[in-house]
Amino acid sequence: MASELGARDDGGCTELAKPLYLQYLERALRLDHFLRQTSAIFNRNISSDDSEDGLDDSNPLLPQSGDPLIQVKEEPPNSLLGETSGAGSSGMLNTYSLNGVLQSESKCDKGNLYNFSKLKKSRKWLKSILLSDESSEADSQSEDDDEEELNLSREELHNMLRLHKYKKLHQNKYSKDKELQQYQYYSAGLLSTYDPFYEQQRHLLGPKKKKFKEEKKLKAKLKKVKKKRRRDEELSSEESPRRHHHQTKVFAKFSHDAPPPGTKKKHLSIEQLNARRRKVWLSIVKKELPKANKQKASARNLFLTNSRKLAHQCMKEVRRAALQAQKNCKETLPRARRLTKEMLLYWKKYEKVEKEHRKRAEKEALEQRKLDEEMREAKRQQRKLNFLITQTELYAHFMSRKRDMGHDGIQEEILRKLEDSSTQRQIDIGGGVVVNITQEDYDSNHFKAQALKNAENAYHIHQARTRSFDEDAKESRAAALRAANKSGTGFGESYSLANPSIRAGEDIPQPTIFNGKLKGYQLKGMNWLANLYEQGINGILADEMGLGKTVQSIALLAHLAERENIWGPFLIISPASTLNNWHQEFTRFVPKFKVLPYWGNPHDRKVIRRFWSQKTLYTQDAPFHVVITSYQLVVQDVKYFQRVKWQYMVLDEAQALKSSSSVRWKILLQFQCRNRLLLTGTPIQNTMAELWALLHFIMPTLFDSHEEFNEWFSKDIESHAENKSAIDENQLSRLHMILKPFMLRRIKKDVENELSDKIEILMYCQLTSRQKLLYQALKNKISIEDLLQSSMGSTQQAQNTTSSLMNLVMQFRKVCNHPELFERQETWSPFHISLKPYHISKFIYRHGQIRVFNHSRDRWLRVLSPFAPDYIQRSLFHRKGINEESCFSFLRFIDISPAEMANLMLQGLLARWLALFLSLKASYRLHQLRSWGAPEGESHQRYLRNKDFLLGVNFPLSFPNLCSCPLLKSLVFSSHCKAVSGYSDQVVHQRRSATSSLRRCLLTELPSFLCVASPRVTAVPLDSYCNDRSAEYERRVLKEGGSLAAKQCLLNGAPELAADWLNRRSQFFPEPAGGLWSIRPQNGWSFIRIPGKESLITDSGKLYALDVLLTRLKSQGHRVLIYSQMTRMIDLLEEYMVYRKHTYMRLDGSSKISERRDMVADFQNRNDIFVFLLSTRAGGLGINLTAADTVIFYDSDWNPTVDQQAMDRAHRLGQTKQVTVYRLICKGTIEERILQRAKEKSEIQRMVISGGNFKPDTLKPKEVVSLLLDDEELEKKLRLRQEEKRQQEETNRVKERKRKREKYAEKKKKEDELDGKRRKEGVNLVIPFVPSADNSNLSADGDDSFISVDSAMPSPFSEISISSELHTGSIPLDESSSDMLVIVDDPASSAPQSRATNSPASITGSVSDTVNGISIQEMPAAGRGHSARSRGRPKGSGSTAKGAGKGRSRKSTAGSAAAMAGAKAGAAAASAAAYAAYGYNVSKGISASSPLQTSLVRPAGLADFGPSSASSPLSSPLSKGNNVPGNPKNLHMTSSLAPDSLVRKQGKGTNPSGGR
């Protein structure tokens, strides 16, 4: 390069060209451009940006030598530098790049390296320095200087040392001076994402005032630095430019100003550049070139090594293929033999399993056929029910069309419901065989025509019967009129039923013979009933209770008599409780009607029946017009009622006809009557049977020729078909639509606004302690497991279980109502025993007893007693000089004299009693004296006083202390007048704030029944008799206490009170008694206990709440109806009414009909009767009790409609007061759940418009169990039961797993023993071949090879299971390898292996090269990637005893696999054949998801009977292989003797052994 530059400067003189290889080398190693760019970047001066012309500034630094070579050499970098500096000074964008990056881009990159987000004015100079290129130039310059290793002058060394000392000085100063610590993180904070400089400064300096002072100090320091810099500049004129430049850089570090623009940059000389270049070349030659050469050599050696390894592996594979080909030729015959043996085993197992499985499959097919027949019968019954409903709908449509004069637009829609849209059904049975059930022959058009014909015939028959009845009635009436005209008592009115005067839609006025004013809705109801009568249609008047159904019926009969001249006979049938009400209403509103009350005893009814003459009926002068009777009497006297042709039959409370199988329903249906009217306050029943019953009753013509529906409900087909819900939802709604034209229902809130309001209040009562004990005792006897088991039983068991459970429910309800219902408290007395007296002889009495009443002896005993007063005196005050101790020395310190001591011990019980009283009295004074009266100076005395030995007073629990301290009074058993048994926690409830609080350690008194406890046995004390007069006297004195005064003190407390006690009856204010008479019990001294009436109230929470409620209601002037379901409870309520002196009346099922009328009338007319006790069933129907304004349900009924009827006895027309209904409910008991169920029942009634009688016996066992158990308790028990069941299943699973392991181990052991025997006998075992990677499924001749499989099942997640003892398919496993079982769970995870291109398979074009449906390239080989033999094993060791063992294991596993495949195939074939034998159409095109996928025809070859899908359970344990004998996918074998490849290609489906 130097030569070229020199030639260019000499004026273009030519030089010889260098050799070509030198030019290539120079061109490859040319670094001119790189060096220029590097020098421009690193040699640029810091102040180059401030200079105007970089080129001019750089020229003076060039050496002054006039060598043009040096100038030319230095010119390019200087010009480049000048261009760079010029561009920088002009403020334009840099046009050159620094290492390929623009200068503006480098500044942006530098800005990204620092955090300038919180940078303020004081640190702006750091930003300019960090973003400028000066630091890089200085660093590059310093690096160049270091590389050049220039020798430092003495002055430069001194400067460096001075700067180092200066630096250390300021570092020490910074560390000591706390004010300088504010500059911590001054520049280091810019390198972090979070700049802590200002936070540190604020922490050290505090407020801003201090900062201002610091800034002033800083400015002063900066002035000093500037002055010092000026002095250095003056001195620098004598120093070298290098030192000056170094100092400016140093001062720039301590100041905010850049170095002055006058400084010049020093440039290197040519010699220095050449030396640096030579140094770089030496480094390249010495270091880089040898390193590159070594890397190339190592790479070549590695390549050669890999090539050798690859060649070795290729050689080994080719050798293995050759060996394998030779081995295949030898093993062809043994393989064929083994194949034949396995096929024989396969068919043997096939036939065995087929026979066994066929029997089981035939049994299953028979059961399936029975089930299909049952389903078909259920479907037929359902179609029959649909046919009957459709037929009834058509009949109702004809009737309503006639009545409403409508058009025939709904007929086709009704008939369309007979169409059957069911399709052919397929069922997957256990074996996976698809069964096609044959379609039944159902012609919807035929049934449509049949239903239409039946409905039209029934309609015409009904019309004909109506006309016939009218004609007969006309003739009977004419005959009666002729007879009356002859006698002159009749009238000449003519009437024709054929031409009625009333037309549909005409408004009918109120009859004039009706005394009263009908309301608007009642008049509409009468018009509707009259219209039904004209058309000959029966109807149901289902107005809500209390709206006047009775009045509307009477008005209809009055209308017929007045407008149509039909005076009967009319038959009214009602419950026994409303008979008198009907009689009263007829007498009140239509007095012209002659009403015949048909009830009483048989003799009375016989007398009444004398007026039943057909000749005298049908006229106004008939002996009777209306007959009123009850349902019971109709059934009893049915033969008499059937003789009369009734014009109108009215059935009150028609819900009694809910069952079509009842005798009452059948009898009433046989009556001869023109029209029937059903009155019911409850809606239509909510079961299909009850709806059918009502339909049949109001439309008997339609069902006279049909008996199917009776059989339908007797067999309970709905539950048997198990589709009851569908029938209920669809057909139940259709039945309601059928009844709609014949039913009229209004409710109170829609038609009547004059009725007062009705308020219902739930009163929750707490159980008493006695009730809780009984309730819990009953609950403890219940076995929840038995309940759950009984509730889950069959339908036959449900009926028996429900009755027993309902009995249990009634016991709980009894306890809730009153414990007396469950266990009545009777009068109780102990067992009294009279002991025989003991007879004592006179001699024994006189001489045998120690103490007798002998006064002379007693006197001497008192004189000689040690307690004699003179003896005590002598012992205390003995003579002087005798120092004897006395046993009575303590008397002087307890304040008792010798005489008092003698009286206490010798004068008897009375004296001791008096002494005890005086001592207790004195103890009070002594206690007060010791507590309050002791002076301070006498607190320490020397001698004892006369009361110092009375220490009992000082005891904390002494009687005076207990009486004076209120805390000690409350101690247990510290007082004789309190029955405190302990301290316990009490919950205090506050009614106003509805809160409760717990108070601990409160006094707990003994229960009252413990205080009046009576002994079980009592007896008079044993008495003795003696044949001695003195003995009797002494016995009498002893019984009286020794003296009369003692007796008086014991009984009366004092002798003075005895006279007052005897004269107490004559005194107006007698003195209170004392002694034993004052503590006489309330019930006397006798132990006989008679339960009080107060306990009758307090023992029941409900009765206690009722007592409080009745007291309040009586004071406010209300009158009350009390309903209860239990007559025994009404008996208890009667006892309560007598005890509280409430006037009451009682009506229940035992009341006579005549008495009921009088009781209702008395309650309505007499205001002094406060309470009416009624049973819910007997007193809740039909009667009018509007005099009462309060209804109390002591217990709720199962059916909410029954309670609704009962409360409507008071809330009905005529009630002017507000009616309040109270319902008593025991909290937390079975009654809450019964009430909840009743609410759900009423909600269903409102939704479906179908209410009805809810009988307890219709409850299911599960529903009764839900009443007995709480939801939480039931859930807890069920959870425990499920947990126990789960644990039991887990235990059984473990046992089953253990049993299978033992069975498998035993089987394995037997197989091993069998193999050992065969080995000893010398049986030739054929070692199976190990196929190579190239010819996996081919023999030497290209034949398909048989692949045997392991009999063990694979992992459920594995795709391939490869055993070390059985190498399947094309897995190239080394015989000497010790690898064990390999399970590949994900074939996609293994990398595909490349195959050799020179394999025989690829040459011959084999079609099948897969194992288990997976290509060999996708299967990881056990031996692939390893050497031909295992480590440490010599060559040629592959055929060892271990290999023989492998062959034996393979043979056994292959046989077991064949047997298993044959068994499964036989089972599949047996199942298909068995179902086909019972008439099922078995489809051969079975989907892949079927569990058993096999053809039903026995195959002629091996490829015809195998499974056809990889997902079949009959496939191989290698789950996708299907490698079993007979698989058409893998057993594409031909004879081993046919080497032709054409035969191999066309050999699919052929049998090498010629079939079986």
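Cβ atoms here come from the backbone N, Cα and C positions, even for glycine.
The N6-acetyllysine annotation in Swiss-Prot covers Lys118. Marked as compositional bias 'Basic residues' by Swiss-Prot: 219-230. The domain 'Helicase ATP-binding' feature in Swiss-Prot is assigned to 530-701. Taken from Swiss-Prot, the feature ATP binding site applies to Asp543, Glu544, Met545, Gly546, Leu547, Gly548, Lys549, Thr550. Under the heading domain 'Helicase C-terminal', Swiss-Prot lists 1105-1260, citing sequence analysis as support. Here Swiss-Prot flags 1507-1519 as compositional bias 'Low complexity'.
Positions of Swiss-Prot features highlighted on the structure.
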residue: Lys118; record: N6-acetyllysine; Cβ neighbours (10 Å): 14
residue: Asp543; record: ATP binding site; Cβ neighbours (10 Å): 22
residue: Glu544; record: ATP binding site; Cβ neighbours (10 Å): 20
residue: Met545; record: ATP binding site; Cβ neighbours (10 Å): 23
residue: Gly546; record: ATP binding site; Cβ neighbours (10 Å): 23
residue: Leu547; record: ATP binding site; Cβ neighbours (10 Å): 26
residue: Gly548; record: ATP binding site; Cβ neighbours (10 Å): 20
residue: Lys549; record: ATP binding site; Cβ neighbours (10 Å): 24
residue: Thr550; record: ATP binding site; Cβ neighbours (10 Å): 22
For this session: Summarise the model confidence on the domain 'Helicase C-terminal' (1105-1260) as a single mean pLDDT, whole number.
Result: 82
For this session: Sorry to bug you, but what's the C-alpha spacing from the residue listed as 'N6-acetyllysine' to Gly548 (ATP binding site), rounded to the closest Å?
Result: 94
Problem set entry | For Thr550 (ATP binding site): DSSP state (helix, strand, coil) | helix
Exercise. Around the ATP site (Asp543, Glu544, Met545, Gly546, Leu547, Gly548, Lys549, Thr550), what further same-chain residues have their C-beta within 8 angstroms of the site's C-beta centre?
Worked result: Gly681, Arg1212, Leu1213
Exercise. When the compositional bias 'Basic residues' (219-230) is classified with DSSP, how many of its residues are helical, how many are strand and how many are coil?
Worked result: 12 helix, 0 strand, 0 coil
For this session: Calculate the distance in Å between the alpha carbons (Cα) of Lys549 (ATP binding site) and Lys118 (N6-acetyllysine), and round it to a whole number.
Result: 95
For this session: Take the C-alpha atoms of Gly546 (ATP binding site) and the residue listed as 'N6-acetyllysine' and report the distance between them in angstrom, rounded.
Result: 90
Problem set entry | Glu544 (ATP binding site) to the residue listed as 'N6-acetyllysine' - Cα separation in whole Å | 87
Problem set entry | Inter-residue Cα distance where the pair is Lys118 (N6-acetyllysine) and Leu547 (ATP binding site), in Å | 90
For this session: Give me the Cα-Cα distance between Met545 (ATP binding site) and the residue listed as 'N6-acetyllysine', rounded to a whole Å.
Result: 89
